[in-house]
2 protein chains.
Amino acid sequence: MNTRGFHIAVVGATGAVGQQMLRTLEERDFPIRQLTLLSSARSAGKTLLYKGEEFTVQEAKPESFEGVDIALFSAGGSISKQLAPEAVKRGAIVVDNTSAYRMDEGVPLVVPEVNKEDLKKHNGIIANPNCSTIQMVAALEPIRQSYGLKKVIVSTYQAVSGAGAQAINEMYGQTESILEGKEVTPEILPVGSDKKHYQIAFNAIPQIDKFQDNGFTFEEMKMINETKKIMHMPELSVAATCVRLPIETGHSESVYFEVETQGLSAAEIKNKLKEAPGIVLEDNPDEQVYPMPAHCVGKKEVFVGRVRKDLDEDTGFHMWVVSDNLLKGAAWNSVQIAETLIEMELVKEK
Amino acid sequence: MNTRGFHIAVVGATGAVGQQMLRTLEERDFPIRQLTLLSSARSAGKTLLYKGEEFTVQEAKPESFEGVDIALFSAGGSISKQLAPEAVKRGAIVVDNTSAYRMDEGVPLVVPEVNKEDLKKHNGIIANPNCSTIQMVAALEPIRQSYGLKKVIVSTYQAVSGAGAQAINEMYGQTESILEGKEVTPEILPVGSDKKHYQIAFNAIPQIDKFQDNGFTFEEMKMINETKKIMHMPELSVAATCVRLPIETGHSESVYFEVETQGLSAAEIKNKLKEAPGIVLEDNPDEQVYPMPAHCVGKKEVFVGRVRKDLDEDTGFHMWVVSDNLLKGAAWNSVQIAETLIEMELVKEK
């Protein structure tokens, strides 16, 4: 710990994203004066390492947030609903990685490369968007800035770690059983709390989160609504199909988009992506260079490739966007919001 | 064998698709008077069972086609280029499952549910479309018939069996190695004859077949060009992104399409699919019913679900299309073409 810096709380510290938050804070050498690790009663008492020092995880309670400057929440929507207001009441700024507040007016929904100015309008809570939304808007924003944006149609290829540590275990367990010729009994995916469960090993499940009345899943509606909010484009046409695949980490997206500007080439789109913050262009068909989930794990950037112009629609383009869903899709974007709050002097050391 | 019926040759009988052709001929109780199993010199001499009877596979040569009525080719494009004309010269009708002749004028490219009338125009060779094209056009055709079709954007989720038996072995081998914590050395996928190879286990590879100058892969161009040819719609706007996944069998497709008719509901689209030949509608979000590759294996139909109206574009719809790529995508469509030739009296018993 430093003698100066901030008092940071991580809520859901023992979870898949919480662990990544700790690693990211460490790697970024985040200015931490005091670190409070919180979880449900069930996980309280466990110890976790931060820069070689042991920390005991405590049960998250309203009083846990006394003196906290920034609280990073990633312990599920109901915990955020219950405790984020308590943290704010005690003077903390909350960066919430759940969907609890994302669409609330007065809660900025932020991808720093896209809309960090929105942080100025916060009322204590800042929402971290859905993992699949973050990587897509990060790739679309540099294109929109130069050429405008009219329409987006995305099909996702999402990893199981987005559904938590239990889903990862389920995938590997099923894979082993199938290799041994045994039957599998799915228990978690596609959605732990939904009625039916399906095999994920060697399969593709076109359901992430529960279905809404319009036939889209909640995950698909998150991508649609969050994209419009983050980009300040309520009129943008956005559609999504979200699919879970037997991949541990790394979400991929096949994105079709139409810009306002006519007569552009794929090379012009690639040039904008090459210069964009947080984006790595991996696009060389001659050398079979394109992004893949197996190559993105542990990296903070959003990788874009397979950029090509539609063969029929002059303003239409296709691209393939890949990112580590636990980092840019969750832990890193949250920590990046915290860093941006400091840079913009929206949080001050006490 | 029957005393009446046809003399059928299967070229590439020992391959993944060839084996499925034999099983499909058996299951359909195809009227076979004589069966000739052919392969490369390497596989010649192997024995295969058909209805309990042993057949020795012979090396495919021009003379092998003497007396053959229908030759089902699935041994790679170069074999088809070399031997299909020899078979035709000897009076056989060739149903070719490779890409060798698909785009040739004078060669019908046929999905029986869509364009069986094209069979009448054959000149000896009939081409079986690419696996990912077949299931998509089978699902689009009943919609087009009633409501017209303007635009198609597809992202695929393709199984490794589309790349042959070696690719299946590679996927399982890599999966085992990764579960045991060992390094993997990819050797086949994404494209055996291309420069670089990538891990398929727990990964997604956005390359199927080699890249063309326009940035699309050959697989993507097949989907684009074959769809226009089969549907007789050179003006149709079609775009594809093709992705290989760690799934043994069963291709899935996220398809966005725009019809000509305005004001339609998703229910009207579903009704057309429900009545369509060769299509099974599996679409009930309330009960989490939708098609998945793990459930389609061994079935001849094309399964469609997740049908929903676009939230912005009145004529736009989304659907999820799944089929066994070795059956409707290859063996069954070929055998179905042969059955249709008989039904339409385009081939007669000698």
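Just so it is clear, glycine is given a Cβ too, placed from its N, Cα and C backbone atoms.
Please treat TrEMBL annotations as automatic predictions, because they have not gone through curation.
Residues annotated as domain 'Semialdehyde dehydrogenase NAD-binding' in TrEMBL: A:7-122.
The NADP(+) binding site annotation in TrEMBL covers A:T14, A:G15, A:A16, A:V17, A:R42, A:S43, A:S161, A:G162, A:N325. In three-state terms derived from DSSP, A:R42 (NADP(+) binding site) belongs to neither a helical nor a strand segment and is classed as coil.
In sequence order, A:L109, A:A127, A:P129, A:N130, A:K222, A:E226, A:K229 make up the list of same-chain residues 6 or more apart from A:R102 (phosphate binding site) whose Cβ falls under 8 Å from its Cβ. Per TrEMBL, phosphate binding site is recorded for A:R102.
Here TrEMBL flags A:C131 as active site, acyl-thioester intermediate. Annotation for A:C131 (active site, acyl-thioester intermediate): same-chain Cβ neighbours under 8 Å, separated by at least 6 residues, are A:Q158, A:G162, A:H251, A:N325, A:L326, A:G329, A:A330.
Annotation comment: TrEMBL describes A:Q158, A:R244 as substrate binding site. DSSP classifies A:R244 (substrate binding site) as strand under the three-state reduction.
Neighbour counts of Cβ atoms within 10 Å were compared across the binding-site residues A:R42, A:R244; the minimum falls on A:R42. On a Cα basis, A:R244 (substrate binding site) lies 17 Å away from A:A16 (NADP(+) binding site).
Each of the binding-site residues A:T14, A:Q158, A:S161, A:N325 was scored by how many other Cβ atoms lie within 10 Å of its Cβ, and the smallest score goes to A:T14.
In this structure, the CA atom of A:S161 (NADP(+) binding site) is 10 Å away from the CA atom of A:R244 (substrate binding site). Secondary structure by DSSP for the domain 'Semialdehyde dehydrogenase NAD-binding' (A:7-122): 39 helix, 32 strand, 45 coil. You'll find the Cα of A:T14 (NADP(+) binding site) roughly 24 Å from the Cα of A:R244 (substrate binding site). Distance from the CA of A:R42 (NADP(+) binding site) to the CA of A:R244 (substrate binding site) is 28 Å.
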